[in-house]
Amino acid sequence: MTFPDRAAIETMDAQDPLGHLRDAFLLSPDEVYLDGNSLGVPTRAAQDELMRAARDEWAGQLIRSWNSAGWFDLPVELGDRIGGLIGAAAGQVVVADTTSINVYKALHAAMRLRPGRKAIIAESNSFPTDLYIAEGVVSTLPGARLRLGGVDGATIEEMLDGDVAAVLVNHVDYRTGALRDMAALTARIHAAGAVAVWDLCHSAGALPVGLDAAGADFAVGCTYKYLNGGPGSPAFIYVAQRHQGQVSQPLSGWWGHARPFAFETGYEGDTGIRRFQCGTQPILSMRALKGALQIWDGVDLHQLRAKSIALTDLFIRLVEGRCAGLGLTLETPREGARRGSQVALHHDHAWPVMQALIARGVIGDFRAPSTLRFGFTPLYLRYADVLRAVDVLEDILRSESWRDPRFAVKAAVT
Ligand SMILES: *Cc1c(COP(=O)(O)O)cnc(C)c1O
């Protein structure tokens, strides 16, 4: 097998139309960061905005900043900005709460759009919080039940019947990186009379997403992964225009009221996307997110996607060429068009192997039971980083340095 040599890889970096963006990020020169799919890297702009918000707005203007610094409207302002990255026209996305909470709101809203139907379908290998939240939703709705693709039926497509109200589906699988065809699956869901709720946690900021074009009903996603908003930065929720004004969500807090500052006794929901807010938002986190989103001005998402596929292709080729026979198997679809921006490799000793990689400055993560997961963020990674990661991985596997007992120690967060 042939694969690019160092000189060819340096040429790829020199010709990379996104290569200049790396300087906007605060990256350690000694590390290869392949975990931007779990916690993105800060930009200088994000940190500057955070400091400015703390100093000039919080300390400087105090409560006046709700108006003077635009704090109150930040959730919809940033929602529209994210909307531009996920194919949603203005007025359909709001930044609020967490992905878990937004799954709850979206699934409840979806169930209320199909009152005669009782089932939610989700994928058994979904990111667990989505399933836990779906369990919580059905527990509040008499007669409702959760059916899992891979457990109660072979595939989501096969399970669609007249009892299904809502389908919760991941655009990119968090473990394997497999990418769903959003338009095709949404059409199938609609043909069965159900409502589509998409989780974009591993696709927003990783590849072009066309929510409006696909006819999606609801979507949720987080901003601390490929959108680089910072640890725990608030999530977003999309509600298609055609549903607004007719849908309700159960967390009927004052920020979703039609007139929050009228302080009325009864709840009357806003008729727009603001209804999907609940209460006061983490403004400092939102201000960091506002700074983080600046990097996207002028980024061509098709160039982003092309680089993402090129980075992951290169990684797969190098790993398979150089680490053959060293116990790795590819868990991610080999065809670029069928995966997101990550590569998952199976290894029987994935935990200590990943700890050994991290100790050598190659930061990926471990996903139980035995997956080495590597995220490739096109905004700041170089092809040379891919080469370095494979150099280190090959060395760790050949030398078996991962057998050092210190790499067996478990940590709370993986
Ligand atoms: C990261 C991720 C989440 C995270 O949810 P939080 O509420 O932010 O903890 C949820 N769903 C998926 C698919 C994820 O990848």
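For all residues, glycine too, the Cβ spot is worked out from N, Cα and C.
Binding of pyridoxal 5'-phosphate is attributed by TrEMBL to T99, S100, F127, P128, T129, D130, D199, H202, Y224, T280, and within the candidate set W254, W296 the record adds W254 to that site. Annotation for Y224 (pyridoxal 5'-phosphate binding site): same-chain Cβ neighbours under 8 Å, separated by at least 6 residues, are L39, G40, G230, P231, G232, S233. According to DSSP, Y224 (pyridoxal 5'-phosphate binding site) is assigned to coil rather than to any helix or strand.
The C-beta environment of T280 (pyridoxal 5'-phosphate binding site), restricted to residues of the same chain at least 6 apart in sequence and closer than 8 Å, consists of W255. Here D199 (pyridoxal 5'-phosphate binding site) comes close to T99, V103, S126, F127, D130, L168, V169, N170, H171, A219, V220, G221: these same-chain residues lie at least six apart in sequence, with C-beta atoms under 8 angstroms from its C-beta. For the binding-site residues T99, T129, the largest tally of other C-beta atoms within 10 A is found at T99.
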